[in-house]
Amino acid sequence: MTTESSRRTWTLVLASLGGFMATLDTLVVATALPVLRVDLGASLADLEWTVNAYNLALACLIPTAAALGDRFGRRRMYVAGLAVFTAASVAAALAPGAGELVAARAVQGAGAALVLPLSLTLISDAFPAAKRGAAIGLWGGVSGVAVAAGPVVGGVILEGLAWQWIFWINVPIGVVLIPLSLLKLRESRGPRPQLDLPGLVLAGAGLFLLTWGPVRAPERGWDSGEVVVALAGGVVLMAAFVVRERRAPYPMVPLGYFRNRVFGAVNVVAFLQFLSLFGALFLFVQLMQTALGYSPLEAGVRILPWTATPVLVAPIAGALADRYGNRPFLVGGMALQAVGLGWVAAVADVGVGYGEL
């Protein structure tokens, strides 16, 4: 194997493993939620924040990762993301209470916000155009497996070990990836745009308030001052974010992209898909364990048809979309998801059988 070929192989392996670790943690905690409720005395809001803190930090910070990589070095920031993610995993495993766990999950999300996009950028930089598609496809396949395997891995760990091990499992992976990445990955940089710090603050604060409102509503009521102020403040801040991005010399989110109807439609569909998916999965796992009496592993295995199906269907749908266009599959996919979630909502009850779900 030539030196260049070896470097590409190392890049693909190291970037894919980092992406796998960060993607796995989006859902690995799902099957642990009922256990966390008992062991930590966590409330429903605490459980929601255990999931949301990770995803919120990831969503808010991921747009800045490319700029940080271009400015300070992609390998350097990728390794920094691995280090932050690994350290936060230790903090999560050692968390004595729900509040500390939520804080650690937020830091984990910040690390993942560096790892995920920069792992893809490192692969794109390492491979020539003729081989880049295949390499990115492998990276995407590994990430898809992580999404599908998350609840099952969480269930397997909880079946024989304490819940802390869903976070400890990241530590040896990170400890191995960090020195190998420094040794085997080539440093690269891009144009050095300025960081859109005002945009980052506005988006982060707005998304936080828009998440805070619905999380607090079941306890306080949708018409309570706290919830109304949070939602109104979130809308105002997100509107200010849009104004800022229109005027910023280096916007965090270039709004001009949304003039392309296909780009805008795909992003709206993706937003609605993941909004419904994660919301339903949060409740589905607790229904299966708390109401139906399944163990974490049994629940994880029974969720697998839901999480694994996209891994199998996506390549087929992608090939067919090239032939027939994107619209039928976007519309059809959302329609199927709506029917499926509607079915679950209609039949979900304490006495429901798994076959009906």
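Note that Cβ sites are derived from N, Cα and C of the backbone, with glycine treated the same way.
Per TrEMBL, these features apply:
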- 11-357: domain 'Major facilitator superfamily (MFS) profile' (DOMAIN)
- 12-33: transmembrane segment (TRANSMEM)
- 53-70: transmembrane segment (TRANSMEM)
- 77-96: transmembrane segment (TRANSMEM)
- 102-123: transmembrane segment (TRANSMEM)
- 135-157: transmembrane segment (TRANSMEM)
- 163-183: transmembrane segment (TRANSMEM)
- 195-215: transmembrane segment (TRANSMEM)
- 227-243: transmembrane segment (TRANSMEM)
- 264-283: transmembrane segment (TRANSMEM)
- 303-321: transmembrane segment (TRANSMEM)
- 328-348: transmembrane segment (TRANSMEM)
Report, as numbers and ranges, which residues of the same chain sit near the transmembrane segment (53-70): CB under 8 Å and 6 or more residues beyond its ends. 25-26, 29, 77-78, 81, 102-103, 105-110, 112-114, 116-118, 121, 189-193, 195-196, 200, 203-204, 207-208, 211, 250, 252-253, 278
When you check the transmembrane segment (77-96) against the transmembrane segment (163-183), do you get at least 3 Cβ pairs under 8 Å, counting only pairs 6 or more apart in sequence? yes
Against the transmembrane segment (163-183), which of these stretches has the most C-beta pairs under 8 Å: 12-33, 102-123, 195-215, 264-283? 12-33
I need to check the long-range neighbours of the transmembrane segment (264-283): which residues 6 or more away from its ends have a CB within less than 8 Å of a CB in the stretch? 27, 30, 33, 47-48, 51, 55, 257-258, 303, 306, 326, 330, 333-334, 337, 341, 344
Is it the case that the transmembrane segment (195-215) and the transmembrane segment (227-243) touch, counting contact as three or more CB pairs under 8 Å in which the residues of each pair are 6 or more positions apart? yes
Do the transmembrane segment (135-157) and the transmembrane segment (328-348) share at least 3 Cβ pairs under 8 Å, sequence separation 6 or more? no
Folded-back contacts onto the transmembrane segment (12-33), same chain, C-beta under 8 angstroms, at least six residues removed: 47, 50-51, 54-55, 58, 78, 81-82, 85, 105, 108, 111-112, 115-116, 119-120, 122-123, 126-127, 135, 138-139, 142-143, 145-147, 149-151, 153-155, 158, 163, 166, 170, 173-174, 177, 180-181, 184-185, 281-282, 285-286, 289, 296-297, 299-300, 303, 307
